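Student: Below is the structure I would like to discuss, written out as structure tokens.
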Amino acid sequence: GTAMRRFLGPLLFLLALRLPAGSGAAARGLDVASYRERVRAMFYHAYEHYLESAFPYDELRPLTCDGQDTWGSFSLTLIDALDTLLILGNVSEFQRVVSVLQEGVDFDIDVNASVFETNIRVVGGLLSAHLLSRKAGLEVEAGWPCSGPLLRMAEEAARKLLPAFQTPTGMPYGTVNLLHGVNPGETPVTCTAGIGTFIVEFATLSHLTGDPVFEDVARKALKALWKNRSDIGLVGNHIDVITAKWVAQDAGIGAGVDSYFEYLVKGAILLQDKELMSMFLEYNKAIKNYTKFDDWYLWVQMYKGTVSMPVFQSLEAYWPGLQSLIGDVDNAMRTFLNYYTVWKQFGGLPEFYNIPQGYTVDKREGYPLRPELIESAMYLYRATRDPTLLELGRDAVESIEKISKVDCGFATIKDLRDHRLDNRMESFFLAETIKYLYLLFDPDNFIHNDGSDFDVVVTPYGECVLNAGGYIFNTEAHPIDPAALHCCRKRREEQWEVEDLMREFYSRKKTKKFTLKRAPDHGEGENAKDSQDASSEKAGEKRNSKKSSHSLLSCPSQSFNSKLAVLGQVFLDNT
């Protein structure tokens, strides 16, 4: 901490010279509750106009007060905004929207859809709403969370994406026709993020439905990228999914790559998977070695490591939040403060910012109300409680209201220099930007639960604990409850062992001493079974040892060598 303050002292002094006097001091007493209410009002201004003027189209066009289909034709903004409603506490509207979606959304349509966008917005939004539906007071089916209408919709949407994964490399095409599968003549070039951003949603689907195909294809795609990294440990921007040749060889943390790294970390936490975390930590070393300069990250040639573009892209602003998730809070804060200076220069983050020149890049001066810097502020605020992070939240509310608010909603800012607007309101504005702002200003939200509060649900597979916190946000800010992945164990070797154990315990109690063997480190196969049981299971164990499936009784002990953090709360590894 003190080292960081020493380092930041001069930087903050320089910043103070550029800011209006007293702005910092005023914000120290920032009225969190009033900003929270302003964010709520922003949500409803946008949401109500979407319903009035744009539904059932995907998105609102705020300058003309009408709607347009953008990523498909499934009332996208409604799906994307659904869990935000609950986070704002609006149970009745959540319930109404769920019934509207059940009636009105159809995935059997002749539409070419982005595999990546459909996954993160539609599958992610439906899964999150499915897992939150009991909390929202909906009557749930007897088998919930292992069944339910929203889960069936999520599964149906995901099945429409599976044909894209049928390639020689297992890396998916970028576009799929929801009716006919991959179009003949479809380009085989996909961006890295479009290949590596499935594990959170697809593993959740597999665990809830018992169908392993989703997690399998997501893992295969992740591994294919890993296998094709360069000798210096970097991945490029676009790759040919048939030949595995890199088409765009720029390596960095921003557009085209970003959520691949994010999903290695989030997948590792969600699935308690050491392999995914060690992949990320390897990449992290290469990223630090080759792309990091003065707490900025540049773009470099993936094979040589030479700088190709000295630009900061607004999409990269998720990185400090990701660093906070692995416990690297000091580095995260330093990079965050760099990005925040850019925000203060423009009242938003331009899509591209030339670092040496300190100005926008031609044709990339816009700010489509993206969430990434606010997302990082939310994570870092959970970790540090540093009031500077609330100041960014305040600045975001003020700028978005001042520059982009129009009669019919909030419009994309086409140019931060002269504040011209574009006739578009992306669905992520309600899914992410508003949600992260609200969560930054709402420290007591149920999403921030530290485990002191939880629900116990009886499923056909035994009792299970839900809503205890530790939510993992997908890259569209849809929270997934990691505990739900342990509710629906359908396969024999993964059944609720507690019941078997109790039976065994009582039958042996009178005659023998009963001991619990410690869980094997990788959680492979079964533990806490007596030897006969173990030997009869051997065959099954061999088949499944590849699927590091944790026994439910063990809290798998993770020997990550990094500091690990959950939702910004840092757990130090003192070994």
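Every residue number used here counts from 1 along the chain in the order it is shown.
Note that Cβ sites are derived from N, Cα and C of the backbone, with glycine treated the same way.
On a predicted model such as this, the values are computed, not experimentally measured, just so you know.
Sharing the feature lines straight out of TrEMBL:
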{"type": "SIGNAL", "residues": "1-26", "note": "signal peptide"}
{"type": "ACT_SITE", "residues": "GLU117", "note": "active site, proton donor"}
{"type": "ACT_SITE", "residues": "ASP258", "note": "active site"}
{"type": "ACT_SITE", "residues": "GLU351", "note": "active site, proton donor"}
{"type": "ACT_SITE", "residues": "GLU372", "note": "active site"}
{"type": "BINDING", "residues": "THR475", "note": "Ca(2+) binding site"}
{"type": "REGION", "residues": "516-556", "note": "region 'Disordered'"}
{"type": "COMPBIAS", "residues": "518-543", "note": "compositional bias 'Basic and acidic residues'"}
Student: Which residue, of the active-site residues GLU117, ASP258, GLU372, has its CB surrounded by the fewest other CB atoms within 10 A?
Tutor: GLU117
Student: Within 10 Å of the Cβ of GLU351 (active site, proton donor), how many other Cβ atoms are there?
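Tutor: Taking every protein chain into account, the count is 22.
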Student: Round to the nearest Å and give the CA-to-CA distance linking GLU351 (active site, proton donor) with GLU372 (active site).
Tutor: 11
Student: Taking just the CA atoms, what is the gap between THR475 (Ca(2+) binding site) and GLU372 (active site) in Å?
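Tutor: Each residue's Cα considered, THR475 (Ca(2+) binding site) and GLU372 (active site) end up 10 Å apart.
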Student: Could you tell me the C-alpha distance between GLU372 (active site) and ASP258 (active site) in angstrom, no decimals?
Tutor: 11
Student: Could you give the Cα-Cα distance between ASP258 (active site) and GLU117 (active site, proton donor), in whole Å?
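Tutor: ASP258 (active site) to GLU117 (active site, proton donor), Cα-Cα distance: 14 Å.
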Student: For the residue listed as 'Ca(2+) binding site', what is the tally of other C-beta atoms lying within 10 angstroms of its C-beta?
Tutor: 25
